[in-house]
């Protein structure tokens, strides 16, 4: 927007070099499509490596929680390379998935608190199970009608009425 205003204003006068802070940061933060793809792949791979390493230390729930949570955050954050961090936040805070995002973020924080501050293995395992469920529900929010199908299926499977 600023570029358009500056160009229309400078077309009346002679061309002057733009000295805008926003333009400079935009140039620093812009990545080529190939660089975005590399960033996405590297972040996703690092997240998956952390998740797989967490399975090795599964018998130690606190280390497992740290690696697993960090891997999940890296994997979810990797899509910011593809669509950009602003668009990622807009999509996460979209009314359709704002509750799923809040529950997932809360479960991530809860898992880290249980692992780092409380040092309770049972609470950490419960927090990780909640985190996994929240991540699945959050991921389903990106697939049209997926949450409705899973909800209907769950109701049919666990319905006690005959």
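Cβ coordinates come from backbone N, Cα and C, glycine included.
The transmembrane segment annotation in TrEMBL covers 37-58 (among others).
Distant neighbours of the transmembrane segment (64-84): 31, 36-37, 39-41, 43-44, 46-55, 57-58, 91, 104, 108, 111-112, 114-116, 124, 127-128, 131, 135, 138; these residues of the same chain sit at least 6 beyond its ends, with a Cβ under 8 Å from one of its Cβ atoms. The transmembrane segment annotation in TrEMBL covers 64-84 (among others).
Annotation source TrEMBL lists transmembrane segment at 96-118 (among others). Within the chain carrying the transmembrane segment (96-118), a Cβ under 8 angstroms from the stretch's Cβ atoms is held by residues 61-62, 65-66, 68-69, 72-73, 76, 124, 126-128, 130-131, 133-135, 137-138, 140-142, all 6 or more beyond its ends.
Residues annotated as transmembrane segment in TrEMBL: 124-146 (among others).
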